Amino acid sequence: MVGTATLRRLSQQGLLVANGGQDLCPDTSNAGSECGGIEFSREDVEALLGEKIKAKNKFNYKERCENMLEYIKRLRLCLRWFQEVESSYMNENERLTISLEMAEGRLAEIEFSSRNKEEELSSIVAELRENLSSVQEKLTKEEEDKKAAIDSLVKEREGRLSSEKSQASLSEELSKAQLELSSTYERISSINDMYKRLQEYNSSLQQYNCKLQSDLNTTSESLQSLEKEKATLVEKFSHLRGQHSSLQEQFSTIKASHEDASKQKELLANEVQCLRGDLQQVREERDKNREQVEALTTEVAKFKEYTGRSIAELDNLTLKSKDLEARCLNQCEQIRTLQDKLTIAETRVEEYSTSSVETQALCKEQRKLITDLQARLTVAESKVMEGEKLRKKLHNTILELKGNIRVFCRVRPLLPGENSSEEKSISYPTAMEFLGRGLELVQNGQKHSFTFDKVFMPEASQDDVFVEISQLVQSALDGYKVCVFAYGQTGSGKTYTMMGKPGIPEEKGLIPRCLEQIFQTKQSHQSQGWKYEMQVSMLEIYNEMIRDLLPSNRPNGAENGSAAKQYVIKHDPNGNTHVSDLTMVDVCSKREVSYLLKHASHSRSVGKTQMNEESSRSHFVFTMRISGVSESTGQQIHGVLNLIDLAGSERLSKSGSTGDRLKETQSINKSLSSLCDVIFALAKKEEYVPYRNSKLTYLLQPCLGGDSKTMMFVNISPDSSSSGESLCSLRFAARVNACEIGVPRRNMSTRSFESRLSYG
């Protein structure tokens, strides 16, 4: 419980609020001082929330109302104190975020400049390295060329030396050959002379032979004459025997002289043959010497040509070597300049490295500062989140105490066919008081402001929407009646909000997500001893007729209502609603409910109008009845979850409906106008509320005027051409948000011990 001093201060502030009706805290910069020095701790807030209102007389409703008003005033005071604390936290958060953004901007600038410097340095170093590598490659190539040129020069020098040596040896050989040639010429001349002499001697010998032959002839003739004389002498031998001895002596002398002459003839013939052989050898040697002289002359000519070529090549090589030496000198100078540049760049790199070290130190300091700011920001955000949770809890408590219907507004994105270049007709205030809750609509130059429990912008996802109602869905498992219905003009996104797009997990609607949460919670509560039974029913109200969407085989005449069943809506004294002959299906898993939903969506009445390709032509009502029992405590709960997708309101001038579509439009507008009449009657707290004017309002009677937790989604279009219908929807939603329908009641009971034993 809250202390007496705190209660006194709360009562004083409550009286001030009741008397003055002005804001207690005009300045949110100092929450403690401006609110009369009142501060609340968490224990005080929890005690205030858990305080039970006691009255001396239970039937003294005036005293109970006064106590309730005083309690509400204290809650409002607590809320305003909390808003001031929240605003101070938000200011501190904004200041921290601004300082964090400034520090991050400085850090980003420093990092950007350091990155630019590093990139410049890296580019300079890379260019220098590339230049150095290219120069080194050129130098290596030039050195290789120089080495190749030196090697070729050395080889040419060696070839020149070898050619000179060969030339010297050839000159020596030539001189020797010339000497030999001269000697051979001399020998040839001597041989010629000798040949001439031999010819002369031969001619003399021939002459001598001729003489000898003439002598031989003369001797033969003399011999013949002598033989004749011999014959005559033989004949006269007898007569001349005396002279015979003298003749024999003469004959022996002639014979001896003849033998000597034949011997001399043979000797001369042998000498002539020897001279002929020597002459032949001399001729052969002369031919060989001539051939050697010709070969030597050709070699001398070739050597002269080779020496001329080698001299020209040597001159070319000397020129090339001179050019290479000049190029090497130029490259050495370039290398020196590049080395100087490299040293300068290295010094600059060292300077930049020192500066980068300094910048890194600054970056570390800035990062430390940023981490500190982020830590403070997270602490502030956590405090803000806790405060936001506490604010929501207090706000929900006040709404439950007041019995108001919660209203969420959702603005759908612009469609591809709609004009996005026009001036936006919907804006969102940025003030802390209306952030995420306010909406401004401009029509015909006039601005209309609205405030709801939550406003979802076009960028909000299906998950963002479901997070806000997840606690409300949890209440159905806790034994409350929960009703969520979507209202708005046709084409504003009601069916997308409730059902989503089939086949895309990220765009599932509220109904599939609610089912997932319910079955997940059921699974987790089984370990705590809870057992649940669930029943599902689905119906639509088409042309003021109820249709059951769960039967698989619908009658052929169901379209026109001739063969359809007559379903009757009944309310029992406990506030429960039943529809006669409506199919109730027991479900145990999400898959079963998904199958039923798919079947119902195919069976639902859908038509095409000028405003929407697939317009829902009926009100769709999904109901899940949840019964749970705890085996450990015997506690029983009975919860109901109603998820309703209303048909869209439309104007005949825009929809262009005719025939059946015209009847559907008239029926839809009639039921929605009946809903407006019910809301207006509840807002004015009239004694008679016309629930029976429409089957839709009669079906929603426990949700609108009973003990149910009710939430309404008002869907609007951002298109400027639909601003009139959007304004009507927002005004209706504001009326709904102001309605007080009563405090929600939890349906809970406890079983006896015998029934607990017999359960299951």
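Placed from the backbone N, Cα and C atoms, the Cβ positions cover glycine too.
Since the structure is predicted, the reported quantities are computational estimates derived from the model, not experimental observations.
TrEMBL annotations:
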COILED    118-156  coiled coil
COILED    191-299  coiled coil
COILED    335-383  coiled coil
DOMAIN    404-739  domain 'Kinesin motor'
BINDING   G488, Q489, T490, G491, S492, G493, K494, T495  ATP binding site
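Outside the coiled coil (118-156) by six or more residues, the chain places 310, 313-314, 317, 320-321, 324, 327-328, 331, 334-335, 338, 341-342, 345, 348-349, 352, 356 with a CB less than 8 A from a CB of the stretch. Counting every protein chain shown, the Cβ of T495 (ATP binding site) has 26 other Cβ atoms within 10 Å.
Neighbour density around each Cβ, counted as other Cβ atoms within 10 Å, peaks among the binding-site residues Q489, T490, S492 at S492. Model confidence over the coiled coil (118-156) stands at 76, taken as the mean pLDDT rounded to a whole number. Within the set of binding-site residues (G488, G491, G493), the lowest number of other Cβ atoms found within 10 Å of a Cβ is recorded at G493. For K494 (ATP binding site), the number of other Cβ atoms no farther than 10 Å from its own Cβ, over all displayed protein chains, is 27.
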